[in-house]
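Worksheet: one structure, shown below.
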Ligand SMILES: *Cc1c(COP(=O)(O)O)cnc(C)c1O
């Protein structure tokens, strides 16, 4: 077998958020099965990342493989303009069933960032159709909603380097960091800032966008359900569409099928992605209400102005249909609550560790927040030597395994973390600020 040319890779291929002149090392994967990634040199790694929230049922899953293969022999792609197909209809039926009743009009897009663009455009066109020109969105500090310009503009300004893009990004509004965590005691005063922001700015706002309960790439922070309830109430009061970006949190990851359920709220626009296809292919969906869809459709444009080439790709829809069936068949709720209790048992005792600022667990997500950023190359090498795939960023070391992980593999993930933190030379793995 030809060996993977890492020099070529370093020289010519951009990886996520890396430098082309001083790239971080990359590990060559040749295959994957269940919760194991196999490296070219024969080593296997337990996957602690679910390939960024996406892989739920493990790699190389016979049921999803079969669904994609069957679809491949029917039609792998066809334009969605003027054409429809069964995999898309099946998928949209499932999504409409799985989500709250009010969400019934579905746009199938091709990635999470594009779903966020679509959601923002829907809200924008909604106001335009009502004859009001509104130009700002309210988002949260530490938010992450994707990497395209529209999505980036609603990401936390310092994490996404808004200053770099200057006037090119619209000037949206950001609420101060929330003060009450998921497990903390709620205090009424924790909502005062939001209330005053809405009061002062509601007439400028065409949407509010949030990651419900769990903020992902912007800091892996979990906030109190009452905060989300308050956001919903304020959006109702001022008639502003609430966009829930469940691209990371959807499909059971937080212990509820959708994270909005922790607060019992229904958004006006819902973005789904990442785990939608069980981590097989890129696909996203944006769901909205009949009211918003009709208002947009009766506006000046008479239609919604978006239509990606690979919209509703049949292979991706087939993978999504198989993955959603597996979630139910596998009893995802039992899988996730089992992982949650194992993560709590293994990680909560670390709360007293002097290197650690905070430990958080919710559903199948375990987060260790350090006081200092990690030395990424060095810590990555350590984990690979331990036979696990955990990819920290900045001050965060976190585990979010596929739901099908067995106890032994999960223990391997948590043990490697616990052992790392108890090493005498741990400070070699971090970069003091
Ligand atoms: C990953 C992510 C996105 C962007 O999705 P891509 O498919 O990477 O474009 C948007 N929002 C949230 C909350 C995400 O976690």
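Glycine is no exception: its Cβ is also placed from the backbone N, Cα and C atoms.
Going through 41, 47, 184, 245 against TrEMBL, the one listed in the pyridoxal 5'-phosphate site together with 112, 113, 308, 309 turns out to be 245. The DSSP secondary structure for residue 245 (pyridoxal 5'-phosphate binding site) is strand. Proximity of the binding-site residues 245, 307, 308, 309, 391 to ligand 1, judged by a Cβ distance under 6 angstroms to any of its atoms, singles out 245 in sequence order.
Of the listed binding-site residues, namely 274, 391, the sparsest Cβ surroundings within 10 Å are found at 391. DSSP classifies residue 391 (substrate binding site) as coil under the three-state reduction.
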